[in-house]
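Trainee: Have a look at this one before I ask anything.
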Amino acid sequence: MSMYGRDPWGGPLEICHDSATDDDRSRNLDIDRAALSRTLDETQQSWLLAGTADQPRKKNKYVDIGCLLVSRKLFVWTLGVLLAAAVFAGAVAGIAKAIPRRHRPLPPPDDYTVALHKALMFFHAQRSGKLPKHNNIHWRGNSCMKDGLSDPAVRRSLVGGYYDAGDAVKFNFPAAFSMTLLSWSVIEYSAKYDAVGELGHVRDIIKWGSDYFLKTFNSTADSIDRVIAQVGGGATSPGSTQPNDRYCWMRPEDIDYPRPVVECHTCSDLAAEMAAALAAASIVFKDNKAYSQKLVHGATTLFQFARDRRGRYSAGGSYAAKFYNSTSYWDEFLWGSSWMYLATGNSSYLTLATNPKLAKHAGAFWGGPDYGVFSWDNKLTGAQVLLSRLRLFLSPGYPYEEILRTFHNQTSIIMCSYLPVFKSFNRTRGGLIQLNHGKPRPLQYVVNAAFLASVFSDYLEAADTPGWYCGPHFYSVEVLRSFARTQIDYILGKNPLKMSYVVGFGKRYPRHVHHRGASIPKNGVHYGCKGGWKWRDAKKPNPNTIAGAMVAGPDRHDGFKDARRNYNYTEATLAGNAGLVAALVALSGDGHGGVDKNTMFSAVPPMFPSPPPPPAPWKP
């Protein structure tokens, strides 16, 4: 079938169904190519171009943008508007960038945060050994680099650690308590520390102390028979002229006399407190698995030593007994076993901590004038608060519930005793609670109570409990926070003398702090044992400001003597500043930051309370 039409080249145009095979078409390929490539003559070219040359081309009124046709005018207009808008927006953005911005300033930090920054710096001033480059205390340097090595009975390095107070003695008992307290505050309030840029700082402080404790016993062994209790010291009897840390008044960097080392073989209180310090630090450093495990192993060894070799480290009229006498080791057993359980999750430690006989020996049931006073000597109140936390958040149930409920009730009673409406403790006219019953150096006890009140109020709030009962009367958690704030405010300057007892905070603070390093200028002169006496007795303020040091505090009449030689007013200590730091971070911000409920229990396995035993069979 075919169809014919006119071929403009003179031949017929045929459209047909070609039945030729592929081979036939392939053989004719050369002929077809020749036909396609032949040159057109003039007639053919003129005919082909005639239709376009004689007629003007019409302009297309539409634009094809793919899926639809758009009017050309509309398209051009829309495109122009978009370009103009882009140019205008760019111009506005450029002008906005050129105009200088006035950022709204951040609100100034509250007083507690400002004081916290300073209080942490005190620990830098107390460092012993080779100091890191970032110590940031220009008048301090490397000191006592032969500690331990110069004692023929020890012959190993005990370089490092912290000086306890205004002299160069290193007491492990109060130092361990200080590190435990700092670690506790970090575990509870790490978010607050981080918010004010101090988390890494306080961790460094804790690690400096923990590293030193690991040097003071065989921390790689599973069992030990001795622990270092003290480095430095000397005779305290009147008339003694032997060069030592009491008789001499020297910068630690200039000390050239032998420094004795005191070992103990029966010191349950010291070892249990050091175990608590390492156990608490292991939770702080749980992100560093190797170091955390090292701390846990050391704590385990120390606590076993404490249990095996019973005795007080300060017994027998030792040098330490004159300054840090321990009255019992039962409270350290309760305190230490609580921290060991939290660090390891080993239920045998919780079984010990909740043993009613241990609580009885620790004084949990007999009260007394110092009941509720938390200090480097008496850890009972701290342990009661810590175990109340366990009951509030984990509720272990049987067989621990009965004694945990008792501890919780006792903690509530202690919190009641802090309130001014009750008369458990006297107060000065200015409002300072007298937890040590009018004796000198009251502030170290006050800051500890302020911390416990703050952290317990946060526990209650985290447990959705609005308050607690004191007898028939209900008090809100805000009442506890108010107590803590009023006490810390007193220390920071809201007192009859309008004086801050934290050096460097506020406009008026002690200028004659009892501190050898702060009172002697760093002027390149080596002042010998007696050479520093002129600086001790000078009436001028200290040439070096020991920022953040909380001094011993006022007397029971709100009086204060800014005298360098009167350490009952002007000496600062590690334990005092650790309590201050803990209380400040708890109150910093808006005071409602809350505690971290979970980190404390990171090593504790899930608890499935055992059912109580079945009742005895009925007998008629």
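All residue numbers here begin at 1 and follow the chain in the order shown.
Cβ atoms here come from the backbone N, Cα and C positions, even for glycine.
No curator has checked TrEMBL annotations; they are predicted automatically.
From a predicted model like this one, the values you see are computed outputs, not experimental measurements.
According to TrEMBL, the protein carries these features:
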- HIS514: active site (ACT_SITE)
- ASP562: active site (ACT_SITE)
- GLU571: active site (ACT_SITE)
- 112-584: domain 'Glycoside hydrolase family 9' (DOMAIN)
- 74-96: transmembrane segment (TRANSMEM)
Trainee: In angstrom units, rounded to an integer, how far apart are the Cα atoms of GLU571 (active site) and HIS514 (active site)?
Mentor: 5
Trainee: Within 10 Å of each Cβ, count the other Cβ atoms, then let me know which of the active-site residues ASP562, GLU571 comes out lowest.
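Mentor: Relative to the other active-site residues in ASP562, GLU571, ASP562 has the fewest Cβ atoms within 10 Å.
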Trainee: Pop the Cα-Cα gap between ASP562 (active site) and HIS514 (active site) into the table, whole Å please.
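Mentor: HIS514 (active site) to ASP562 (active site), Cα-Cα distance: 9 Å.
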Trainee: Could you give the mean pLDDT over the domain 'Glycoside hydrolase family 9' (112-584), rounded to a whole number?
Mentor: 96
